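Participant: A single structure is presented below for examination.
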Amino acid sequence: MAQQAPISSPAGQSPDAAVHERDPRLVSDTLVSLGLFGLIARRLRGGELGPLPVIIGLVVICAVFQTLHERFLSPQNLSNLSVQIVAVGLMTTGVLMVLLLGEIDLSVGSVAGVSGAVLAVAAVNFALPEWVAILLGALTGLVIGVIHGTIFAKVGVPAFVVTLAGLIGWQGAQIYILGKDGTINLPYDGAIGYLTQTYFEPAMGWGFAVVAVAAFAVPSYFGERRRAAAGLPHKSVTELLVRTALLAVPVFGAVAVLNQFKGVPLAFLIFVGFVVAFDLMLRKTRYGRMVFAVGGSAEAARRAGINVDLVRISVFALASTLAALGGIMLASRGFAVSQSTAGGDELMMAIAAAVIGGTSLFGGRGNAYSALLGGLVLGAIASGLFLLQMDTSVRFMITAVVLLIAVILDALARRSRKTHARG
Amino acid sequence: MTTPVLELSGISKRFGAVQALSEVSLDVHQGEVVALLGDNGAGKSTLVKVIAGVNPADSGEIRWEGRTVQVQRPSDAQSLGIATIYQDLALCDNLDIVANLFLGNERIIAGVLDELEMERKARDLLDSLSVTMPSLRVPVASLSGGQRQIIAIARSLLGEPQVVMLDEPTAALGVEQTAQVLDLIERLRDQGLGVLLISHNMADVRAVADRAAVLRLGRNGGDFQVEDTSYEEIVAAITGASDNAATRRAGRVTVPGTEGA
């Protein structure tokens, strides 16, 4: 409709600077105008903690374990750590999608187990090619997720109950599929084993680091230039440089450390790849926006024409598929699938990692990087206590304390956001 | 008279034991503000939800520009060109202003969200409504009631609708913001949109509406040209004083209304 044009592009809008002058009540919160510490202080007061608490926590944990055991920060231990966190980390990536909806998935451990069982039976008992077995394992997760999501979204059974049934039922299916022996050993030299045994040459590791940092810096730079050209608020070049440096230091540092042992592990790269892909999906795509919208207000999302049921089913499908990938990684690392594969603390650790990483249990808040950060925190605790020859009892108690701290921070941040009226 | 852009006839909707709407008719022309009036429980909100596709009618016919259409889902109504602003706004508190404005209608470039285009368009749109916001990137939870109302109305305009339905748009607003919203409604009409204004506020209705359609207990209770109709007649229709069955009550009910006027 031609006569409607004035609504979206008013006649007097042109270069009339006064129109675009910023509201005098507007607070400036760019890095440059406040300085780094000013920005952090404001964010803390406003309840927008971001990844800061978990990064501080990670540094503290590493410092403590390094003083208690000199080999904690050794390249070998850190390399092992980076592979150890992959299985639960993938499960966490799926769980946090469900948490963003404001729901919970209690079945990820059992789904990982049953998918591992399908993988082992397909690869060994049916002697299918290993990549086919991997595909079947992942497909198992996908189908299970669609079942969970459909019962939750279409029938209206609370997700807690659906996935509680899944927790019990799929573990039963795992034991049933594995049969009388209960354990199926996998070959060492196949696609499955290679998943966690492959390490990249140092040069390739550096290549990944360069690509990763460039993939952040270049689009950011041109994005901000476009914003500047459009007359929108934008970040300065200085701020972009600071942000790029803040990313480059850990990326290149990690590659440097990993290269001193065997190189960048394929499994860790797969995990980080999923985290980055999910982050981009959540922030940059229409689908991600829908997930946040459903998590924020399902009714508002529905009225905006979003197919809420489809979003819910797809999120549960993603969560279970990633759980299945976690199960495949567990099988790869253990060269076997048994009745107890993924039947231990994997579920609790996956949910705890998401929350520790900064994804809110209340829905609508969080990001994919919480899987990586939370996984690193829990992995560091497990690894450090292993070096100190402490047993599981201590690990569970320390993990519980860290989890409680994370949830308390989330609750405090939520309260602070309320008093600062930021949702 | 021209074909109405939106025309409903024989709309019925039942919730369990309650017949919320029975055989309701309504039409909206281009460039016209129609006020939908009725007491609490008269079926105004139910009718809005039928038109918006949120709760489809059990029976009845909806015609859009003269042809019969099916409105079974919110997206059906949106694709026809019907925009709805609900009383409870239906914004996502955790999303920022730009994200809320474009929710369900995001601009895409090369497969990803075109944040730049959306932010620029959001800014231009809000400028055209003479609205200043602290920042377009704050979560809407941090906005005042009036700001949230304006965001909700602005959102409906992005779809370039032909009919806009506003459910109690001024109920929670201050004097200045109410005037802004009424100005906005007049501007929409001048641009050729059909506006369906659900309101309790007779002052608002008299200020901007061309026609007043009254619902009473889920049925059509009258259709008035606002210019030629007195305040009392409309109130009588809303309260049911003009019902044939209740004519003997008319005197008793209209008298207090007249006193008040």
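In case you wondered, yes, glycine gets a Cβ from its N, Cα and C as well.
TrEMBL entries are annotated by machine, without manual review.
In case it's useful when we look at the structure, here is the feature table from TrEMBL:
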- A:1-12: compositional bias 'Polar residues' (COMPBIAS)
- A:1-20: region 'Disordered' (REGION)
- A:49-69: transmembrane segment (TRANSMEM)
- A:81-101: transmembrane segment (TRANSMEM)
- A:108-128: transmembrane segment (TRANSMEM)
- A:134-153: transmembrane segment (TRANSMEM)
- A:160-179: transmembrane segment (TRANSMEM)
- A:199-219: transmembrane segment (TRANSMEM)
- A:240-258: transmembrane segment (TRANSMEM)
- A:264-282: transmembrane segment (TRANSMEM)
- A:310-335: transmembrane segment (TRANSMEM)
- A:347-364: transmembrane segment (TRANSMEM)
- A:371-388: transmembrane segment (TRANSMEM)
- A:394-413: transmembrane segment (TRANSMEM)
Participant: Is the count of Cβ pairs under 8 Å between the transmembrane segment (A:310-335) and the transmembrane segment (A:160-179), pairs 6 or more apart in sequence, 3 or more?
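Facilitator: Taking Cβ pairs at least 6 residues apart, the transmembrane segment (A:160-179) and the transmembrane segment (A:310-335) are not in contact, as fewer than 3 fall under 8 Å.
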Participant: What same-chain residues lie close to the transmembrane segment (A:371-388): Cβ under 8 Å, and 6 or more beyond its ends?
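Facilitator: The answer is 51, 54-55, 57-58, 61-62, 64-65, 68-69, 71-72, 77, 80-81, 84-85, 88-89, 92-93, 96, 271-272, 275, 278, 349, 352-358, 394-395, 398-399, 402, 406.
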Participant: Cβ pairs under 8 Å with the transmembrane segment (A:81-101): which stretch of A:134-153, A:347-364, A:394-413 has the most?
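Facilitator: Of the candidates A:134-153, A:347-364, A:394-413, A:347-364 scores highest.
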Participant: Sequence-remote contacts (6 or more beyond its ends) of the transmembrane segment (A:108-128), Cβ cut-off under 8 Å?
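Facilitator: Contacts of the transmembrane segment (A:108-128) (Cβ under 8 Å, skipping residues fewer than 6 from its ends): 87, 91, 94-95, 134, 136-138, 140-141, 144-145, 166-171, 173-174, 177-178, 184-187, 190, 192, 319-320, 322-324, 326-328, 330-331, 336-337, 341-344, 346-347, 350.
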Participant: Return the stretch with the most CB pairs under 8 A relative to the transmembrane segment (A:394-413), choosing among A:49-69, A:134-153, A:160-179, A:199-219, A:264-282.
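Facilitator: Highest pair count goes to A:49-69.
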Participant: Under an 8 Å Cβ to Cβ limit, what residues of the same chain, 6 or more beyond the ends of the transmembrane segment (A:199-219), are close to it?
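Facilitator: Residues packing against the transmembrane segment (A:199-219) from afar: 240, 244, 247-248, 251-252, 254-255, 258-259, 262-266, 269.
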